[in-house]
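*Asks:* Structure in structure tokens, see below.
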Amino acid sequence: MNVLEIKNLDVTTPAGVKVVSGVSFSIAPGARLGLIGESGSGKSLTALAVIGLLSSQLKASGSVLLGDLNPQEILGAPERMLNTIRGKVASIIFQEPLTALDPLMKIGRQLAEPLRRHQGISGDALESAIIEALTEVRITNPARIAQSFPHQISGGERQRAAIAMALACQPSLLIADEPTTALDVTVQSEVLALLDSIVSERNMALLFISHDLAVVGQITDSVVVLKDGVVVESGSLQEIMADPKHPYTQDLVKNARVLDDALNIAKDGK
Amino acid sequence: MNQVKSRRSWSLIVGLVIISTITLVTLISLVWLPYPIDNTDGGRLSPPSWSHLLGTDKLGRDLVARLMVGARIALSVGFSAVLIAGIVGLTLGMAAGFAQRWLDESLSALLDILIAFPTLLLAMLIVAARGSSLTSAIFAIGLGMSAIIARLTRLLVKRVLAKDFITASRASGTSWPRIIVLHVLPNIWPTLIVSFALQFGLAGLAEASLSYLGLGAPPPNASWGSLLQEAQATVMTSPIAAIAPGLFLVALVIGVNLIADGLREIADPTLRRSR
Ligand SMILES: Nc1ncnc2c1ncn2[C@@H]1O[C@H](COP(=O)(O)OP(=O)(O)OP(=O)(O)O)[C@@H](O)[C@H]1O
Ligand SMILES: [Mg+2]
């Protein structure tokens, strides 16, 4: 059974525009999938649909089944049922860690909320679970970070804290919506490496969203290419790199190649 | 950082000192006044003396006694009106902020009407229904204030709900009641508290204009606002009768605002950094 199974997902705006149309893909337990597409292609809406967080103004139809042991239909499900799934079966990391954290709440307290709810702990046990969670995402000074407000720590630390929150309820599927786009390049690769190792250690499934084929290539082995809300191509990364069928994918591959070559030239020049 | 911190606690401390003094005067007025409030033995418009520290008004009533009763009225009008606005305004505002479109739109229309409706007219209607008393004035002021607080609350709630951290919190399975307690209330509070403080001060002024029209506290009780207006005619001969209530009114407004400012900076850590 798959941990996520999307069939014929349509998302329609109040104006009647189909911004996601006929999207289908699935992820097996422990598998990784890259969802790639340009800005406005419907990547984030697809991710939100997966955990039932589409704005009420948007109409979604089709089917989203979440969970491998006991798959549940997400579309049209009541909030109460969704709350039992969110965080535990699937959780999500957002692009901009500054806005994804409450500015008025210390990192430790924000992290405490899902930990407390999921593990039913409090007091000292909760305190040490917070430190442990921050350590797992390789924050070097967990005690200080736990006592800090989001504006007092660096962008990389914020994204690590957000990852720790997403991991708190031990989800079987992690959705990462452009988790490194807002970070600078060195921090980007650290966060990617972190995600890579945590996802393997915990044996989680990963849906990694990006507009950058090179970034997706570092962390997943198969991809779905989205353009204007439609899946134009999907398959293993190797297949797509070797023989892109759709003109948009050909462009993506060409650009990734150019970047690659530039990097190689730079390396050889040294 | 330390400098900023001390400045913040200063505003809170000064504000608390001012408001505690006014509260103390109010408490004393309940058990002791230098003269009964309707005692007119002091002679008309007598200047300050040992027997009448701030002199008397044009009917011969002791000004200190009248100011002390005025403190009582200022505080009870302020607190009661803010309490009404806190309950009615916050509830309506939260409801509109969370509501689906049609309910939100009808609530907003109702609030717009209430805000456009002058407090004075509202007060006249309430007085017509319940008779003239301080309570009627408080209801009128409180209801007018509720509309303002409700509209602000609605706006603040909508703004917070659109933030990514609400989506992130929902994505981790937090229920709505919990989100309201953890994220919505703390995030709207810093702005609301300042508005409440402003309204608290304005309530005193609103009561003064209602008293002026005979819609407020019935004589011989008088708010600082009405003392100020009574003293207008004789301001040249006895300026102290206008200056004293004026100073108290200003002190009340400043005191409440200082407290609000201090509380706001405690509630919002992002303000502590760079100011
Ligand atoms: N609430 C909404 N109402 C109407 N249209 C919306 C709404 N949310 C998103 N859209 C539209 O849907 C389309 C897809 O949006 P989405 O956020 O999924 O894009 P994306 O692929 O994530 O882009 P980006 O890479 O910039 O994040 C966009 O054209 C966007 O304008
Ligand atoms: Mg997006």
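Each Cβ is built from the backbone N, Cα and C atoms, and glycine gets one as well.
Quick paste from TrEMBL:
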- B:12-35: transmembrane segment (TRANSMEM)
- B:71-260: domain 'ABC transmembrane type-1' (DOMAIN)
- B:73-97: transmembrane segment (TRANSMEM)
- B:109-128: transmembrane segment (TRANSMEM)
- B:134-153: transmembrane segment (TRANSMEM)
- B:188-215: transmembrane segment (TRANSMEM)
- B:235-260: transmembrane segment (TRANSMEM)
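Burial and contacts for the listed features, if you can.
*Replies:* Cβ atoms under 8 Å from those of the transmembrane segment (B:12-35) belong to residues 41-42, 52-53, 61-62, 64-65, 67-69, 71-72, 74-75, 248, 251-252, 254-263, 266 of the same chain, restricted to positions at least 6 beyond its ends.
Outside the transmembrane segment (B:73-97), and at least 6 residues removed from its termini, the chain residues within Cβ reach (under 8 Å) are 22-23, 26, 103-104, 107-108, 111, 134, 137-139, 141-143, 145-158, 161, 180, 192, 196, 199-201, 203-204, 207, 217, 221-224, 248-249, 252, 256.
Beyond its flanks by at least six residues, the transmembrane segment (B:188-215) meets 73-74, 77-79, 81-82, 85-86, 90, 119-120, 123-124, 127, 132, 136-138, 140-141, 144-145, 148-149, 152-153, 156-157, 160, 222-226, 228-229, 249, 252-253, 256-257, 259-261, 263-264, 267-268, 271 of its own chain at Cβ-Cβ distances under 8 Å.
Nonlocal intrachain contacts for the transmembrane segment (B:235-260), taken as residues 6+ away from its ends with a CB within less than 8 angstroms of a stretch CB, comprise 11-12, 14-19, 22, 45, 47-48, 54-55, 57, 63, 67, 70-71, 74, 78, 193-194, 196-198, 200-201, 204-205, 224-225, 227-228.
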